[in-house]
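Have a look at the structure below before the remarks.
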């Protein structure tokens, strides 16, 4: 729901990849990412075909799982902004592919004629916003030293995809570089490489009805922030919320068994049960309270993207001294 582009990228390339592998092997040569043919024979069309469809089913499976996990960005940004990111990352990663191949040949003397095929550059580029904008919530620890978080599975899938081919590290590096460049506020790449509004409207009218999904009837609506545009385009995944809440409950039970249970209700009064009128009428005097803690607007925006209101996000960050993980855990429990 609310992610038709992710659904199309999940279904269409995977179906073509399976058909090419099982039934139409003689057509696989047209989807090979052959850099030698691009440079010597000027077969520019290979940059499109070779960088869209995977010819290895292992790469198809891993990239599909990653696209499924990264669908949250389409729900947050909207389909037009998400498609602009994928388009910009796809074009930049093609340039970085050629540069990295030339640098490898110049430094190490290794001639690379072809690279693994598929929509891999933009998939690796999505790890940049995933690392920077998705809060890290610890689930458990292994051997007392290695932390398992809500993001560990996605990183493991990325590592599996990274080790599936001999030169796929070039695609991974070019994808990460393109993601960093597109997200950079200095380079302003997102203002140049973007999907025009009229193109987005055409695809919205033609393809979105095909790949859109009906909203689950058993899900409750979750508010997404202060603006109408965010409320319309974004909705936090309720399933992920339930999983994180169960993880937090498990952590609380473990702490209670260890005798180190933190009394959240004592440290942080429940935000959901406060009444704004009473809160405004019964403010304590300024002489008896310390000055309020400065709150990072970036962290407030991250909490609002997860579905919490601005007031709750401000209160939680102030109470936790700007610790995003503690504030997230508290808001999930209340």
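Each residue, glycine too, has its Cβ placed from N, Cα and C.
All TrEMBL annotations are machine predictions without curation.
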Name the residue range among 55-80, 107-132, 185-210 that TrEMBL annotates as transmembrane segment.
107-132
If one takes Cβ-Cβ under 8 Å and requires six or more residues beyond its ends, the residues near the transmembrane segment (6-24) are 31, 52-55, 57, 60, 64, 67-68, 70-71, 74, 82, 86, 118-119, 207, 210-213
Please indicate, using numbers and ranges, the residues of the same chain that are 6 or more beyond the transmembrane segment (107-132) and have a C-beta under 8 Å from a C-beta there.
9, 13, 17, 31-36, 50-56, 59-60, 63, 66-67, 70, 73, 85-86, 89-90, 92-94, 96-97, 101, 151, 154, 158, 161, 164-165, 167-168, 170-172, 174-176, 178-180, 182-183
Using DSSP, tally how many residues of the domain 'UBA' (294-334) sit in helix, strand and coil.
29 helix, 0 strand, 12 coil
